[in-house]
Amino acid sequence: MARSKSSAGWLKEHFDDYYVNKAKQDGWRSRAIYKLQEIDEKDQLFSKGMTVIDLGAAPGGWSQWTTHQTGDEGRVFALDILPVEPFAGVTFIQGDFQEDDVYQSLLDALDGREVDLVMSDMAPNMTGNKGVDIPRAMYLVELCVDLADQVLKPNGDLLMKVFQGEGYDQLLKSLREKYQKVLTRKPKASRPRSKEIYLLARGKKA
């Protein structure tokens with residue numbers, strides 16, 4: 001079957017992508033590493049010994065950067081519906097975050113451990129229909145917020161990929177009630193055509 005023009009265009013963009021090539025040269029698992037690196041360098045997300053949850057972790061770039069920044073005493077709990085090649089310092093759970101049993105598996109792995117940072121690079125499979133895509137994306141965001149409500153320690157932080165659209169303003173309002181400040185970030189490594197931004201909610205209120 002011939003590839004569609006859109007999929008062929010995506011492949012060309014992918015292989016011509018500066019950050020894809022840079023990730024290969026630098027030994028990182030994905031171009032997404034540079035989004036997190038830029039946010040980290042601006043906002044100092046990490047410190048040694050932190051406990052971090054990485055949602056939408058595959059193929060593992062964000063977890064790689066996190067273990068690099070948190071050191072041998074840090075712990076990363078990563079989750080994705082796709083497999084991730086294991087590496088030191090990361091506990092990986094494969095499954096759909098929307099499923100109750102997978103969510104519970106993550107809580108079981110934490111074993112009561114309080115979390116310093118919840119981060120999510122999750123996104124649904126996009127159809128191109130905003131009326132479908134935005135609600136699906138917002139549902140994942142809401143699940144991530146619920147998890148942070150449950151496991152983040154006081155003054156903990158939440159970093160999430162979001163897509164602006166219906167429900168975005170209400171999300172901001174809700175986060176501002178729960179956290180000391182909420183920042184928006186658009187890393188240079190985000191593809192220009194992408195509507196994604198990242199919300200960084202800092203300092204969970206007790």
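Glycine residues also receive a Cβ, built from the backbone N, Cα and C atoms like all the rest.
Computed from a predicted structure; not experimentally measured.
In sequence order, Gly56, Ser120, Asp121, Met122, Ala123, Glu196, Ile197, Tyr198 are the residues near Lys161 (active site, proton acceptor), counting only same-chain partners six or more apart with C-beta under 8 A. Positions annotated as active site, proton acceptor by Swiss-Prot, on the basis of sequence analysis: Lys161.
Here Swiss-Prot flags Gly60, Trp62, Asp80, Asp96, Asp121 as S-adenosyl-L-methionine binding site. For the recorded site, Asp121 (S-adenosyl-L-methionine binding site), the DSSP three-state label reads coil. Counting every protein chain shown, 21 other Cβ atoms lie within 10 Å of the Cβ of Asp121 (S-adenosyl-L-methionine binding site).
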Among Asp80, Asp96 [binding-site residues], residue with fewest other Cβ within 10 Å: Asp96
DSSP three-state assignment (helix, strand or coil) for Gly60 (S-adenosyl-L-methionine binding site): coil
Cβ neighbour count (within 10 Å, all chains shown) around Gly60 (S-adenosyl-L-methionine binding site): 26
